[in-house]
Amino acid sequence: MNKQAATEKLVAVDIGNTSVNIGIFEGEQLLANWHLGSVAQRMADEYASLLLGLLQHADIQAGELNRVIMCSVVPPLTTTFEEVFKTYFKATPLVVGAGIKSGVKIRMDNPREVGADRIVNAAAARVLYPGACIIVDMGTATTFDTLSESGEYIGGAIAPGIATSAQAIVEKTSKLPKIEIIHPAKAIGSNTVSAMQSGVYFGYIGLVEELVRRIQAELGQKARVVATGGYASLIAEGSRIFDIVRPDLTLQGLRFIYQMNKV
């Protein structure tokens, strides 16, 4: 292998409703991982400035990054980041969507309704954890994606994320304060804040565990349960429902899909 191939890097970008997750791969190794806020009004120049600063801090040369893959659930930011990479990195991103090979057969009423991030997670799980699998991605929304024993995507569930739930209870009431989402020491809160933290945290665990159990029952077999997303580690502290916690699952899925679509 020549030196150029050995140092070839890939930028994987997962654009979500709350944050933009950016990973830099060298081969299979994730060299760096950053999160930027998802701000539709932010200009491409602003995102480029942030990203170039992070690259400099990590001692990664921008000129090395001409391979880029993205998945997005925020169309305006898709356009913004395409501009970032075309202008500042001279790279045209591969955007996960129609016509892109993922290795995942989708058995849904309308396959086009399935979000790109969910397809990417399924692609990662299919490679990393073959067989029946339930992927629980905990972000702005919490998605439950199910793979059959043969690795086909057969559907799932969508629920509010834990932060979304906490925000809703504040916005829909007049006296309840904003709270930090933590793993409380006990369920019985001794004041308003601790009572809210208990209800949000343990109530959310109940939601996740019940949906996983129902999906397992409908599958008729034990499926591996993989947690990912920004709140995966925090929720896994209070639940034994997960077999694996893999915060970088989406980035890994993007890497696999890029390999499948290389020209």
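The count begins at 1 with the first shown residue.
Placed from the backbone N, Cα and C atoms, the Cβ positions cover glycine too.
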Which of T87, T92, T140 belongs with D14, I15, G16, N17, T18, S19, V20, N21 in the ATP site listed by Swiss-Prot: T140
Which of T18, T192, the listed binding-site residues, has fewest other Cβ atoms within 10 Å: T192
Neighbouring C-beta atoms (10 Å sphere around the C-beta of T140 (ATP binding site)): 18
Number of other Cβ atoms within 10 Å of the Cβ of G16 (ATP binding site) across all protein chains: 23
Tertiary neighbours of V20 (ATP binding site) (same chain, Cβ under 8 Å, six or more apart): V13, D14, H35, L36, G37, S38, Y47, L77, F81
Cα-Cα distance linking T140 (ATP binding site) and R118 (substrate binding site), given in Å to the nearest integer: 13
